[in-house]
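Working notes, structure below.
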Amino acid sequence: MKVYAFGFPKIGEKREFKKALEDFWKGKITENQFKEEMSELRMYMVENYRTNVDVVPSNELSYYDFVLDTAIMVGAIPERFGKYEGLSTYFEMARGRKALEMTKYFNTNYHYLVPEIESGNFELLENIPLEDFLFFRSMGIETAPRILGPFTFLYLSKKDGMWIREPGEMEKLFTRLVPVYRKVFEELVENGCGEILVDEPAFVCDLQKDHWNLIKDVYSEFSGFPLTIFTYYDSVSDYESYVSLPVKGLHLDFVSNTENLRNFEKHGFPSDKTLIAGVINGRQPWRANLKKVAELVDKLGASAISNSCPLFHLPITAQWENSLPDGLREKLAFAKEKLEELKVLKEFFEGKKVNLPEVSFEDFAVDESVSKKIKQLTPDSFRREKEYQERDRIQREELKLPLFPTTTIGSFPQTSDVRKMRARYRRGEISEEEYESFIKEQIKKVVRIQEEIGLDVLVHGEFERTDMVEFFAEKLNGIATTQNGWVLSYGSRCYRPPIIYGTVSRTGPMTLKEITYAQSLTEKPVKGMLTGPITIMGWSYYREDIPEREIAYQIALAINEEVKDLEEAGIKIVQIDEPAFREKAPVKKSKWPEYFEWAINAFNLAANARPETQIHAHMCYSDFNEIIEYIHQLEFDVISIEASRSKGEIISAFENFKGWIKQIGVGVWDIHSPAVPSVDEMKSIIERVLRILPKELIWVNPDCGLKTRNWEEVVPSLKNMVDLAKKLRKEYNNT
C-alpha cells in the first residue's frame, strides 16, 4: 500500500506564513529574509509528509496563490503589469491597484486570483516546480512536484472578461499552452524527477463530450511523462474518458460523492494504472471511521490511498485546542491528524497490529427538542403570512421612507482602538461592564454620524463583532470556536471556521442589546443585523452524519427566534446576510435543484417575519444570472447587491427575469477600493438600473460592509451617496 497526500496547509502552526508575508509587505524584512522564512516553512511541511506518507509532494508553498504561480510559470502576465520583475510584479498582480480579480476556488472558501489571458502567447517564464524540486533535492529529499493542470488552469481563467469554457476557444489556446507544459515536464524529468502530480479538479465540472475529446488530445501530448492526475470536490464528469487517459496514476475522490464508486463498480479500473483512492476527508475536521474506510479500500482493490481533496481547507493540528466542549477534541482530525490516519491505514494493510478506531457520533450533543420542531415544520413554515405586494403596501405605510432610500450594509470601520478593547476584554483585562460601556460609546458615535450624513435607515455598526459567522457561533449551542484553528482564505488573510458539533439552538437573544440601544438613540429605523443559516453553515465545519438540510434548518430556527425577539422590541427592519447562498452550491449543476430547495427553505424559515417587518437580504456576488430564479423564491422584501464593479451591468440578470417585483439595494460604492466615489460615478450606476427597474424599487447603498475601510474614506463616500439620493429625488419625484 502506497500513501499519497497533498495540499498540507502552508500557514504554519503559529501563522508564521502570515507574519512573514505581512512583514515583507511592510518592508520590515528583506526579500532574502522573506524567502529564508518561506524555506523553513517548506521544510516544516515536507517533514510532516515524510513522517507519514510515501510520496512527498513539492511546489506546495506559494507566496500568495498557486493559480497565480501557474500564470507566472506559463507567462500569462497582462500587459498592464509590464515586464516581469520577480516578486514586485508578482505582488502587483496579487494586490496592487490594478490587481487580478479574485474569486472562490470551486465551491470552497479559498479564494484564487483569476488569470487573464490576453494574447495567448504562452512561454515558460519560470519553471517554479523545478526550482522547488531542486531545492529539496539539494537537501537529499526526493519529491513529486505538484502542478495545476493545463485544463483546469484555462477553466479558471478569463479572456476579454469572459470565462474560458467553450471547447473551441480552449482548443485554440491549448496549441500554445501545451508546449509550455511539455517543457516544464521535460525539464523535471531531465533532472531526475520520477513522478509529477497534476491537479485537474475542473474534470469534475459539467463538461461536454467536446471537452473530454480535448482533454484526451492534450494528455496524449504528455503520454511519455510520469504523470499522476488528481481530481476532487465531486465525481469526474466522464469516468470512462478519465480512466482512459495515458497517465501513470489517477486519483478519485470517494468522500464528496457516491458517483465515483458507482462508476468504478460499473466500469472497473484499468490494470495498467495506479488507482489512488481519496478516502480521508480533506474538507471536514472529523476523525475517520478507519474500519469503514479500510473496508472501502479493500472493496476498491486500491494499491494507493490519499486524502480526498487538498488539506489546506483544514487547520494544521487539533493538538493545542484545550478549550473545546467535553468529548469534542478526541473526535477531531485536522491536517496533521489526517496524515496520521493515512499512515495507520497503510500499516493495517501491511499486516501490522494497529487499532482501527470506530468513531461514533450517534448521541453526541443531541437536543431532541430541536429535532421535534423540525419534524413539525409545514409548508407554511417556509412562507410568510402575506404575499410580497401586500407586505410592500403595509411596510411603505409603516416606514414612510423617501424615494431612493439610503442605508449601509451593516459594519462600520473597526479601528485599532476597537480591536484593542476587544482583545483586552477577551484576556480578562477589563470587565464586561467596561467593555459594554465602550461598545455603547461606539454605537452612539456611529448613530450620530449616520444622522449627520443624512442616511434614511441606520445600523448599529457591529463593533462587538469580530466576524459575521464567529460572532453567532459563540452564542449558539452546538457550535464550538477554536483557539488556533486558522485556515487561509487568500493572501495572508486567515480565519477560524467554527465547528458545528451538535444540535444547534439559541440560548437567548444574541443581538438585541446593541440593536435596541442604537434604536433608542434615533427616530429613524435601525436595521437588525443577522447572518443567515447557509452562511453560518457554509463558513463552518459541520457533522457528516447529519443531513445538511437538517443542520441548515436547526440554524434557521435559531435565527428566526432572534428575528421574533427583534420584532417584539420594535425593530422594523431586519437584514439577513447570505453571501454563501450561491457559493455553497454543488460544483455540478445537476445537483443544484436539491441543494437550492433546502437552502431556499432554510432562508425562508429564518426570515418568516410579520408582514410589517421589512426583511433585507444581502448577497455580495457579481453574477446573479445563473441563480436569479432561486433568488426570486426567497422571502425577502429588499435585496442588496454589488453593482459598482460591473457599473450596474449586474442588473441585466433582473432584466432577463420576467416578473421581478421586489426592491433592490444597488451597491454604488465599491468598498474594496480606498477611492472616494463621486456623485456622478454612482449616478451612472443608478441610471443604468433605472433603464430596467422602476424608481420605487431602488435603494442606494455601498456594495458591502465598511469594517475594513477607515473613517476618512467612509464619511465623504457616504455623504456623496446621500447627495446622490437627494439629486435623484429632485429629478424623479414628479416623473
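Heads up, the Cβ atoms here are built off N, Cα and C, so glycines get one too.
Look at Swiss-Prot and you will find His672 tagged as active site, proton donor. Cβ neighbours within 10 Å of His672 (active site, proton donor), excluding its own Cβ and spanning all shown chains: 15.
Within 10 Å of the C-beta of Glu583 (5-methyltetrahydropteroyltri-L-glutamate binding site) we count 18 further C-beta atoms, all protein chains included. Among the features that Swiss-Prot reports, 5-methyltetrahydropteroyltri-L-glutamate binding site is placed at Arg15, Glu16, Phe17, Lys18, Lys104, Arg493, Cys494, Trp539, Glu583, with the record citing sequence analysis.
Under the heading L-methionine binding site, Swiss-Prot lists Ile409, Gly410, Ser411, Glu462, Asp577, citing sequence analysis as support. Mapped onto three states, the DSSP output places Ser411 (L-methionine binding site) in strand. Sequence-distant contacts (6 or more apart, same chain, Cβ under 8 Å) of Ser411 (L-methionine binding site) comprise Val459, Gly461, Glu462, Arg465, Gly705, Leu706, Lys707.
Under the heading L-homocysteine binding site, Swiss-Prot lists Ile409, Gly410, Ser411, Glu462, Asp577, citing sequence analysis as support. Around Gly410 (L-methionine binding site), a 10 Å sphere centred on its CB holds 26 further CB atoms from the protein chains shown.
Taken from Swiss-Prot, the feature Zn(2+) binding site covers His618, Cys620, Glu642, Cys704, and the record attributes it to sequence analysis. The Cβ neighbour count for Cys620 (Zn(2+) binding site), using a 10 Å radius over every protein chain in view, is 18.
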*Of the recorded positions listed as Ile409, Asp577, Glu642, His672, Cys704, the one whose CA lies nearest the CA of Arg15 (5-methyltetrahydropteroyltri-L-glutamate binding site)*: His672
_I need the CA-to-CA distance for Glu642 (Zn(2+) binding site) versus Ile409 (L-methionine binding site), whole Å please._
11
*Compute the centroid of the Cβ atoms of Ile409, Gly410, Ser411, Glu462, Asp577, then list the same-chain residues not in that set whose Cβ lies within 8 Å of it, in sequence order, for the L-methionine site.*
Thr408, Val459, Met468, Met529, Gln575, His618, Gly705, Lys707
_Test of understanding: give the count of other CB atoms lying within 10 angstroms of the CB of Phe17 (5-methyltetrahydropteroyltri-L-glutamate binding site)._
21
*Any idea what the Cα distance is from Ile409 (L-methionine binding site) over to Cys704 (Zn(2+) binding site), rounded to a whole Å?*
6
_Conformational class of Glu583 (5-methyltetrahydropteroyltri-L-glutamate binding site) under the three-state DSSP mapping_ = helix
*Provide, as an integer number of angstrom, the distance between the C-alpha atoms of His672 (active site, proton donor) and Cys704 (Zn(2+) binding site).*
8
_I need the most crowded of these binding-site residues: Arg15, Lys104, His618. Count other C-beta atoms within 10 angstroms of each C-beta and give me the top one._
His618
